[in-house]
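Copied over from TrEMBL:
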COILED    172-236  coiled coil
DOMAIN    373-449  domain 'Tyrosine-protein kinase G-rich'
DOMAIN    526-660  domain 'AAA'
REGION    695-723  region 'Disordered'
COMPBIAS  697-706  compositional bias 'Polar residues'
COMPBIAS  714-723  compositional bias 'Polar residues'
Amino acid sequence: MAKAPFSLSPLPTLKRHSFVALSTFVSVAVGATALSFAILPRQYETSAKLIVGEKDVGISTLGQALTEINTQAPGKAADPVATQAELMQSQQVLESALSAFQQESKIPKEQLPDIVSLRQALKVDIVPGTNILQVSYTAPDPKIAAGLLNEITASMVAENSRQIRSQAATLRAFLERRLPQQEAKLRESEAAESQYRQTYGIVSFDTQAQSMVNSLAALEDEARKLSAQLQEDTTKVGLLQKVTGANNLPTAYASVRLGQNETLKELQKQLTNLDVAIVDTRSRLGDQHPDLLALLQKRDELRALYGQQISQATPGGTAASYGNAASNPLSQDLMSRYIASEVDRAALVNRLRVVQSELNPLRSRINQLPGYQRPLIELARQQQNAQDALKLMSGKLEEARIAEGQLLSNVRVVEQASVPVDPSSPKTLPILAISIVSGLIMAGGVVLLLELMVSTIRNPAEAEAVLGLAVLGVLPKLTPPTNNLVDLERFLDNSNQVEPYRKFLKVLESSSEQKPQVFVFSSATVGDGKSAVVLHLAAVAAMLSRRTLIIDADLRHPLQHRLLNLAASPGLAEVINDNLSFLEAVQATSVPNLSVLPCGQSLQRPSALIETAAMARLLEKAANHYDCVIVDTSPLSICADAETLSQAANGLVLVVQPNSSKRDLALQTISDLRKAGVSLLGLVMNETVLPDRNELSGHSSASGYVQSPLPLRSISSSTQRGG
């Protein structure tokens with residue numbers, strides 16, 4: 001047999017098992033709470049607060065630096081506050097606190113916790129957004145808890161102060177060793193700078209460099225002026241040379257002196273007259289005439305005298321021809337200007353030569369200045385660094401001595417531990433929460449166990465999920481159930497009860513396209529209310545003006561004739577056995593358009609009747625005469641009648657009763673029907689079951705799976721033949 005999958009809906013499930021779930025929850029919650037308070041020992045918790053990293057605790061700058069903690073350290077750097085929190089739980093601090101508390105309280109060591117227990121009971125937290133440590137300690141004795149925690153905080157402050165003094169002492173010793181070395185280094189740098197200045201003649205580099213630059217600028221300016229003046233004088237001298245014909249200064253000077261000598265002027269005049277006479281005599285007397293020769297001799301004598309006079313008149317005995325003498329004032333003036341200009345030009349040349357000779361060395365020295373400056377700057381920088389380092393080390397040495405002598409600490413107690421009055425554990429709220437959760441879990445487990453033990457189908461959603469068939473309708477529970485035609489008429493007058501059947505009929509008709517429609521109704525087992533569904537559905541179909549026929553094919557437990565106060569025979573058995581025609585066997589009811597083909601006489605072998613070809617022909621004939629044919633068959637767990645009859649019908653509708661029909665049985669039934677090729681139209685959830693068989697009129701079933709019921713009330717009805 002196939003196993004049905006498990007389905008659990010929370011709200012309906014809790015509703016079904018509310019009493020059991022509530023009882024389990026209350027029992028477990030109350031029991032767990034009482035047991036927890038009875039078993040768990042009482043613990044007392046006290047707390048203290050310390051502030052880390054105050055800035056005004058040191059006189060010296062070094063003391064403040066040693067006690068200052070950067071609480072804004074980057075994420076990857078070590079957190080100083082967290083470091084202090086870890087140091088508080090160190091073995092040295094805890095041992096010191098235990099020893100001090102034991103000496104002060106006189107409590108035996110055996111009654112005090114050891115280091116491991118103390119560390120486990122000690123809790124250090126950082127107050128968010130601050131540099132405050134909140135320290136908590138839990139112990140069975142409230143006085144021990146408060147006293148021991150206060151000793152721990154005091155030991156933490158003392159240990160922190162000792163570490164700061166130790167750091168200051170270490171720094172002082174280091175500075176005392178390094179200070180003489182730094183002084184020697186400063187002296188060496190000062191000597192090196194002094195030696196360099198002496199070697200290269202540098203007193204003040206900037207002043208000297210500025211002075212040389214100024215001198216260079218002045219010389220260059222003077223050279224430019226001299227060059228311009230020289231150019232002007234050279235031009236003037238050249239022009240005077242062209243005018244006067246003088247080539248050098250001595251000649252020009254001699255020409256001026258000669259032009260100013262009266263004796264030379266007279267001699268020159270005589271020579272001129274003599275030259276005229278010679279020319280005249282030669283032209284008259286010839287070259288060899290004694291008079292001409294006498295004139296020539298006289299001229300030579302005058303020339304010799306003229307030369308002697310010139311030698312005497314000019315410095316250095318410079319000789320000049322008689323024609324070079326500047327005899328007139330203009331020539332003398334031009335010669336004088338020439339002489340003066342030539343003298344000035346020579347002086348300018350000499351001055352320019354001197355200036356240029358001074359420029360080149362000065363330029364060379366200025367170009368060498370950067371080379372001299374770089375080593376000097378480096379030496380000065382080394383000296384300054386050495387001097388600054390010495391000054392810094394001297395100051396830090398004094399600060400270290402001050403810090404070493406002070407009682408500095410960057411940890412201070414801001415709130416001491418007090419003796420707790422109420423125990424911190426066991427805590428009421430957590431125990432209640434755990435007890436409630438345990439009760440809920442236990443109640444859920446009990447409900448789950450009960451659900452696992454339940455094997456029935458409870459609701460339409462579960463039916464569709466488990467059985468894999470669509471639920472065509474959900475039919476209400478009728479109160480009171482239909483026992484006779486009077487109850488049936490009352491049912492038809494109640495629209496609230498009729499509408500679910502009407503909707504079911506619409507869905508059923510739309511599920512099959514064949515006209516007319518024949519539907520076979522059955523159930524997985526006895527007691528699911530299939531006959532009630534057939535009766536009420538047929539009555540609703542007849543009320544809706546559909547010619548409706550009920551065929552009571554449940555030959556083992558026929559009920560339709562008793563519900564409608566009809567005779568069981570003639571009926572289906574007689575028609576199949578050819579003892580009676582189909583139309584003669586059909587009986588009308590008091591409900592318009594509703595007819596019934598009862599079961600007929602009891603048979604020993606009802607299955608043989610169902611399997612005959614005449615049965616299939618009967619269903620075909622019924623379909624031709626009626627709009628809606630509804631066949632009531634035996635449960636599928638009893639026999640296979642429904643499988644056979646559904647082969648000649650539109651399909652089979654399986655009736656399921658909530659909280660009654662077994663899941664496994666229904667699932668196996670559907671599996672067998674599918675294997676047999678039966679057309680399953682769907683499921684109908686029925687909450688109405690016909691009255692107990694003892695409440696119905698007597699009739700014995702051939703199979704004997706129900707006993708004779710009580711008689712129904714007699715209701716007269718008009719007999720109609722379905723046409």
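Glycine too: its Cβ is placed from the backbone N, Cα and C atoms.
Caution: TrEMBL annotation is automatic and unverified by curators.
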Summary of DSSP states over the domain 'Tyrosine-protein kinase G-rich' (373-449), given as helix, strand and coil counts:
55 helix, 6 strand, 16 coil
For the coiled coil (172-236), what is the mean per-residue pLDDT, to the nearest integer?
79
Quick check on the domain 'AAA' (526-660): DSSP residue counts for helix, strand, coil, in that order please.
51 helix, 22 strand, 62 coil
